[in-house]
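First comes the structure, then the notes that go with it.
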Amino acid sequence: MLNALYPLARPLLFSMDPEDAHHFTLNQLKRAHALGLSGCIGARVAPQPRTVMGIAFPNPVGLAAGLDKDGAYIDALGALGFGFIEVGTVTPRAQPGNPRPRMFRLPAASALINRMGFNNGGVDAFIRNVQASKWREAGGVLGLNIGKNADTPIERAVDDYLHCLERVYPYASYVTVNISSPNTKNLRQLQGASELDSLLGTLRGAQQRLADQHKRYVPVVLKIAPDLDDDQIANIGDALLRHRMDGVIATNTTIRREAVAGLPHAEEAGGLSGQPVREGSTRVIRALCGLLGDAVPIIGVGGILAGEHAREKIDAGAQLVQLYTGLIYRGPGLVAECARALAR
């Protein structure tokens, strides 16, 4: 039902401030789920089981991090038919993020710009929300995305990632290390060759210790930017192979603006998502696939606004895909549309 109603609701939602509309929509989904109306929320998605990183995914279409930063809407979002859900980014301590306004629509380009800045309630509150979710209890695949606090010096970023990894590990199907948001100062420096090598080495050591402690191996994946040249992609590929990382998510938002030049809000600071990042994301996926082969699975995200776009990511070398901005423009029916495209 919601699939049919979304085109009617979108003009109302787009008349609101983007961040207000975001919270309004999530709260309405949560209310509908609490009232037992889950069957009216999303379309049925036929099972397409596949095993990636040792995890059994019921279908290959997931929710990207950023939509539910605090893990407060997991069960309602799970009713939309996703094969997996990723929540966060969470940091060790609560932080407000950047001042509002910090999210902007570019409808002519089916795009968003955000400079949220990892606003979240901190890892302890995050874990309480995750523990309360029935999705996790029922065996749903749940990725937990971790980052660093804005006031943590980049030289000590590893401390924040270690703290979050240790806290979320028992509750995660997999953990994503986000080093690619453009909205935390200097964060993307961690994609540099020496910085990345040091970070991944430390996190892999902690992962093995936690696996021994909890008697359960939780994959750790890296989320990277689309704004990388061939040498940078090669360096990242080498690091992923050298440290035997479990997976990589390609990609985060872009800081490039050529595709939206002249549009209202195009010059706002922040990360650009949606249609304009589609080709850049797919380029990174294709390049990584050539470097990694089958050794490191790729999760493709960026500019998926139709089933054929999800198919592009898989054809370029991704094993799974994630959605975010496409949901804003197309509504929840996009989940089933992408799943159908990947079943063909």
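Along the chain as shown, residues are numbered 1 onward.
Glycine residues also receive a Cβ, built from the backbone N, Cα and C atoms like all the rest.
Feature annotations, reproduced from Swiss-Prot:
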ACT_SITE  SER181  active site, nucleophile
BINDING   ALA65, GLY66, LEU67, ASP68, LYS69, THR89, ASN145, ASN178, LYS223, THR251, GLY274, GLY303, TYR324, THR325  FMN binding site
BINDING   LYS69, ASN114, ARG115, MET116, GLY117, PHE118, ASN178, ASN183, ASN252, THR253  substrate binding site
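Long-range Cβ neighbours of GLY117 (substrate binding site) (same chain, at least 6 residues apart, Cβ-Cβ under 8 Å): GLN95, GLY97, ASN98, ARG102, ALA150, ASN183, THR184. Straight-line distance linking the Cα atoms of LYS69 (FMN binding site) and ASN252 (substrate binding site), rounded to a whole number, equals 15 Å. For the substrate site, the Cβ centre of LYS69, ASN114, ARG115, MET116, GLY117, PHE118, ASN178, ASN183, ASN252, THR253 serves as reference, and the other residues of the chain with Cβ at most 8 Å from it are GLY66, THR89, GLY97, SER181, PRO182, THR184, GLY270, GLY271. In the three-state DSSP classification, LYS223 (FMN binding site) falls within a strand. Here ASN252 (substrate binding site) comes close to ASN178, SER180, SER181, PRO182, LYS223, ILE224, ALA225, PRO226, GLY271, GLY302: these same-chain residues lie at least six apart in sequence, with C-beta atoms under 8 angstroms from its C-beta.
The two recorded residues, GLY274 (FMN binding site) and ARG115 (substrate binding site), show a Cα separation of 15 Å. Same-chain residues at least 6 positions away in sequence with a Cβ under 8 Å from that of ALA65 (FMN binding site) are, in sequence order, GLU86, VAL87, GLY88, THR89, GLY143, ASN145, THR176, ASN178, LYS223. Compared over the binding-site residues ARG115, LYS223, the count of CB atoms lying within 10 A of a residue's CB peaks at LYS223. Of all residue pairs in LYS69, ASN114, ARG115, MET116, GLY117, PHE118, ASN178, ASN183, ASN252, THR253, the annotated binders of substrate, the farthest apart have Cα atoms separated by 16 Å. Distance between Cα atoms for ARG115 (substrate binding site) and TYR324 (FMN binding site): 15 Å, as a whole number.
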